[in-house]
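Engineer: Structure incoming, see below.
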Amino acid sequence: MKKWLMVQGTTSDAGKSVLVAGLCRVLARRGIQVCPFKPQNMALNSAVTPDGGEIGRAQAVQAQACGIAPSVHMNPVLLKPNSDTGAQVILQGRALSNMEANAYHDYKKVAMDTVMDSFQRLQQEYEAIMIEGAGSPAEINLRENDIANMGFAEKADVPVIIVADIDRGGVFAHLYGTLALLSESEQARVKGFVINRFRGDIGLLQSGLDWLEQKTGKPVIGVLPYLHGFDLEAEDAIAAQQNLSADRQLRVAVPVFTRISNHTDFDPLRLNPNIDFRYVGQGESLSGADLIILPGSKSTRADLAYLRSQGWDKEILRHLRLGGKVMGICGGFQMLGEWVHDPLGIEGEAGSSEGLGLFAMQTELTAEKRLTNVQGHLTLDGQTVAAQGYEIHAGRSSWAADQKSPIILSDGSLDGLVSDCNQGFGTYLHGIFDRPETALRICQWAGAKEIEAYDHRAAQERAIDRIADAIEQHLNLTLLWPDL
């Protein structure tokens, strides 16, 4: 029996991505061929598929939960915001164009065809598809031409469950109100509710559950407990949980740009118990770090200007004068060069921006985006380790032949630079910290000589298994699939 199920939420960050990942693992454990699907995702955290396409990072993690490789059809529409009112539109893994919100609203009728094409392809290949909605289905202003929530569910004729986060408060108002704002046909599609992140005695919640079921005629499929210490890659929001301790072996600071991208790069550092890790926000200081890492950016020149507006450029130069280490990834790497040129206006107004000058490097932004998974070797301080990652960038950087590139890729090409003073390191590789030995080598280069390796992939697997175990224990899945 085919199993299609869509998880929608009362709000953003209600737990949709994690619940879908857990359901994928539950079904995969039973030998069911399952895959994830998200019709439309708006996020700056993305992943590269084996065939060189770009999808939301959450769907790549959900594919991992299924034990399969990610595909562009698992997230056929990806929106990557590049301003407050516009985004780059990516269809089935390939960049289409930049669109303002009004233009994209009109385009959604066309985008729905792409969404349905991908979904139908997956239906032919898999026994089960766990579908993730976006935000809330009850956003009145977004319901016209909706392709992300009930608009898709109606078109594809799939059942829906609605999840809400009780830890935020107001869970019954969220669930009852969301259902009430749906049309009759949409309400009929809802098979039940899931309450997420509950702390305390479940008996004290029972009267509320009974009221909700009586008022809506829908069952509460289950109540998932608050999982202390749980961490799985965030879809887009910066993780609120920092890893602060005065006795850690390495202190890492990452400035949060206005268009920061792929901040999941830092999860292997943020979750490493040996590292004092912090994100540095507006009005905060970078001081006190051993290693400052400039992250990726969807708008490199704009974020370079933002960096200067915060005074972080002066703090970085002072950090270097005092012997500290600085690293840049992708857009952050470009910022560490001498100039970033945008003659075609790829990221906005055409022009050039002066970089921080740590590397004798020029970057020109181009219309062609490089999307690829890579492997190779990294050499720092004379020690070589295996390295891997993925590239997602529109810029091309050039530097003099006598500059030192620390990464040799499997095709013989070079990536990144190390400064002559050995205090700066830049690379285009997202995910460079995912391999334990690579992260360890970089941390040792930054001064943490006694630090231990941290296996982030293994930690991810434990997190996926943990949410799957909670689903098995606390959700009545036979309400969804009697034959399971």
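Using the three backbone atoms N, Cα and C, a Cβ is placed for every residue, glycine included.
Feature table excerpt (Swiss-Prot):
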- CYS330: active site, nucleophile (ACT_SITE)
- HIS430: active site (ACT_SITE)
- 249-438: domain 'GATase cobBQ-type' (DOMAIN)
Engineer: Return the average pLDDT for the domain 'GATase cobBQ-type' (249-438) as a whole number.
Structural biologist: 96
Engineer: List, in sequence order, the same-chain residues at least six positions removed whose CB sits under 8 Å from that of the residue listed as 'active site'?
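Structural biologist: Set apart from the residue listed as 'active site' by at least 6 residues yet with Cβ under 8 Å, we have ASN262, ASP265, GLY296, ILE329, CYS330, GLY389, TYR390, GLU391, ILE392.
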Engineer: So, three-state DSSP: helix, strand or coil for the residue listed as 'active site'?
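Structural biologist: It is in a strand.
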Engineer: What's the number of neighbouring CB atoms sitting within 10 A of the CB on the residue listed as 'active site, nucleophile'?
Structural biologist: 26
Engineer: Which secondary structure state does DSSP assign to CYS330 (active site, nucleophile), in the simple three-class scheme?
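Structural biologist: Once the DSSP labels are grouped into three classes, CYS330 (active site, nucleophile) ends up as coil.
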